[in-house]
């Protein structure tokens, strides 16, 4: 049985392992943050930082007429797609059509000067529209505009504080599940318009949308349904033939795909106008779109909706968790889309957050709903040959032109056509390939994916993504709480030695598991001495230290000795600060385990030592 003893530091270490006097100061040293603060503030006004925060300074000095022409072509092409989509997304958000256009120019202008990824376009998206639609039902347009301002402020603040790393806590399965659920929800909300059903239903959620369709299927309008499903088939067909063939046919299919939304919307409008000239109206139409530019004014911090007054605290209460969910989703979209189109080049997440925050803040002064990067329009921008972020200026100018000159033509756009445009876009947003990749690479990732999808569909997008993140973090915590412990046994003379090697850092969640595993394995292998190899352990917390102390005590009570081999100096100091006399005799730094165990068997540590 091991006897307790107290030795000096000189006696505790063999002669070749005696630490220097300065090393015996094992008090915890807190980092001096003053140099870090000075370095951060000294770099604010440097030329490099100015170029990073104002990317226009970098590409503007090299701008040419050739780049201007490329940006103009790309910006106009994006605008032709963006105008009908924006009108459609305003409908998704339960807003009048002009609000989609109000949301589609300020972000383009601001991002042109602050954005760092030339392909990205900032505009209303289906997901953003879906996330504010319930707030619009409760607060009217003021709810969506205030959500844009508040989300912009939060995104800008996170960017200025360099919080780009927060997106790392949302895994690919959760993002995939969220995008898939959002696409399914949006498609479901448009089925009634595709079939010409006029009933508004209780909400546009997944469950209510389908309940509304089944309850009112008898109201289906034949001509709306024919136009809607016919337009949807045309859009999907054009998308599928994109890039097929070679030569002129390949170029034709690519260009046709770029203009597909504009073409079907114009075609549907011309068809409806033709019927109207003969006093026929077989389709449900978009109706009057308010002409003129939006009023530039402060975001609404109070509003009156349906004869009821809402002050700012009450509006904030109604917006609820969306104040956090909308910025997080916006950041995720802009960073992930930026990474997808930079072809391996690093994306400055902080700068993208600053640019996106400014876009939403500025947009809220012109009656915009929350905006973020659009994957489809970014893809069109990229394939159209955009050279700099300045291409967004031409998109914004085209949208403003539409507001000033073309709103009378929007009256005749059939709602079934807009529904088909939205559904066609959502069909290709569902992450079929990502699901297959998860199944092939790591099947357990299907669980957080399915949880996110189901939660988003039945509990709503805001709560669904939080549930998905929570489940995924539980997986992560489980892995942290069950660290892998490699083990092997060696026998030297009559001594059975069990060598255990934890393969990662140890935190409070793994403390009890580590203790139980060590004691159980020591009994299973009838070990005389348990050697814990700490080469890979760079961090322990106070819970682990206390449990490790209890583990040593329990093993000693069983007649087994413990050696701590190759532990990091900082980790040793953490153990010293808890129980110096218990831990100091246990540490070894020998390069060979056999030599270490032989030294342990000899005085002053072996049997018979006092």
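The backbone N, Cα and C atoms fix where each Cβ goes, and this holds for glycine too.
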TrEMBL annotation of transmembrane segment - which of the ranges 417-435, 493-511, 512-530 it falls on: 417-435
Correct range for transmembrane segment (source TrEMBL, candidates 111-132, 199-220, 287-308): 111-132
Folded-back contacts onto the transmembrane segment (144-163), same chain, C-beta under 8 angstroms, at least six residues removed: 93, 95, 99, 103, 132, 135-136, 299-301, 315-316, 319, 322-324, 326-327, 330-331, 350-354, 356-364, 367-371
Annotated stretches the transmembrane segment (169-187) and the transmembrane segment (447-480) touching (3 or more Cβ pairs under 8 Å): yes
Seg_contact(the transmembrane segment (225-245), the transmembrane segment (257-276)) with at least 3 CB pairs under 8 angstroms, min sep 6: yes
Chain residues in Cβ proximity to the transmembrane segment (315-335) (below 8 Å; excluding those fewer than six residues from its ends, i.e. six or more beyond): 120, 122, 125, 127-128, 131-132, 135, 138-139, 142-143, 146-147, 150-151, 154-155, 158, 164, 166-167, 170, 175, 178, 301-303, 347, 349, 352-353, 356, 360, 370-373, 375, 461-463, 465-466
Intrachain residues whose Cβ lies under 8 Å of the transmembrane segment (72-91), provided they are six or more past its termini: 97-101, 103-104, 108, 121, 123-126, 128-129, 193, 258-259, 261-262, 265, 286, 289, 369, 374, 376-377, 380-381, 384-387, 390-395, 397-399, 402, 410, 413, 415, 418-419, 421-422, 425
Best-contacting stretch, by C-beta pairs under 8 Å, relative to the transmembrane segment (257-276) and drawn from 111-132, 417-435, 447-480: 417-435
Residues of the parent chain within Cβ reach of the transmembrane segment (111-132), under 8 Å, 6 or more residues beyond its termini: 53-56, 59, 78, 82, 85-86, 89-90, 92-93, 100, 103-104, 143-144, 147, 179, 182-183, 185-186, 189, 204, 322, 325-326, 329-330, 333-334, 337-338, 341-342, 347-348, 351-352, 354-356, 358-359, 368-374, 377-378, 381-382, 386-393, 395-396, 422, 425-426, 429, 461-462
Sequence-remote partners of the transmembrane segment (417-435) [C-beta within less than 8 Å, at least six residues beyond its ends]: 84-85, 87-89, 91-92, 126, 172, 176, 179-180, 182-184, 186-187, 190-191, 193-194, 227-229, 231-232, 235-236, 239, 261, 264-265, 267-269, 286, 375-376, 446, 449
